[in-house]
Amino acid sequence: MRGFFISVEGSDGSGKSTQIRKIEEYLKKKKQEVLLTREPGGTMISEKIRELLLDPSNKAMAAKTEMLLYAAARAQHVEEFVLPNLKQGKHVLTDRFTDSSIAYQGFGRAMGDMVAEVNRIATGGLSPDITFYLELSPEAGIGRKKAEVNHKMDRLELEKQEFHQKVYMGYKALCETQEQRICKIDASQDIETVFVEIQAGLDRLFGF
């Protein structure tokens with residue numbers, strides 16, 4: 001039996017990392033084998049692409065280059081890590097997937113439907129079984145990031161407020177068109193309240 005593919009999405013500072021750890025802990029308590037991964041990243045090749053994408057010194061990177069690099073990292077990740085583990089019956093929990101590209105490149109960079117098409121090729125049409133979208137305003141999210149001790153802002157986090165607002169609108173559009181898959185959760189709530197809503201979604205998916 002194939003494992004479940006779970007993604008967690010959200011703007012920068014929405015608390016994804018915290019909730020991913022809580023999801024992992026919860027599923028392991030339920031005797032489920034779950035593997036954590038992230039995008040861009042998850043494999044050696046994809047992590048090298050991540051360094052290129054997020055390095056603040058790469059200011060000259062063109063929007064199309066950015067889109068294709070994200071897709072390349074995702075293609076490698078799916079081929080090398082995600083699909084093999086799902087086929088072995090393991091559950092895969094990823095910090096970001098295709099929705100991020102649609103929000104950040106499709107809307108943030110105004111590249112439109114091309115992004116979805118490129119990512120269909122990159123993933124072979126693979127889509128998460130469930131996606132938890134942690135909704136937080138761009139102002140609040142970037143504010144949280146800036147407040148983190150020793151956090152160095154990456155190339156995308158350093159983008160102007162206008163860019164982050166477009167990304168936010170991209171996620172909003174995705175929630176409207178993918179409402180059966182995407183569970184939208186108000187990430188301005190406290191950590192435990194957010195997780196209660198995530199747990200409800202997990203219980204439905206797994207039949208706990």
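Glycine residues also receive a Cβ, built from the backbone N, Cα and C atoms like all the rest.
Automated prediction, rather than curation, is the source of TrEMBL annotations.
Residues or ranges marked as domain 'Thymidylate kinase-like' in TrEMBL: 8-198. Among the features that TrEMBL reports, ATP binding site is placed at G10, S11, D12, G13, S14, G15, K16, S17.
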Determine which residues of this chain, when G10, S11, D12, G13, S14, G15, K16, S17 are set aside, have a Cβ within 8 Å of the centroid of the ATP site's Cβ atoms, and list them as they appear in the sequence.
L134, L136, G141, R144, A187
What does DSSP call G15 (ATP binding site) in the simple three-state scheme?
coil
I'd like to know the mean pLDDT over the domain 'Thymidylate kinase-like' (8-198).
94
With every protein chain in view, what's the tally of Cβ atoms within 10 Å of the Cβ of K16 (ATP binding site), excluding that atom itself?
21
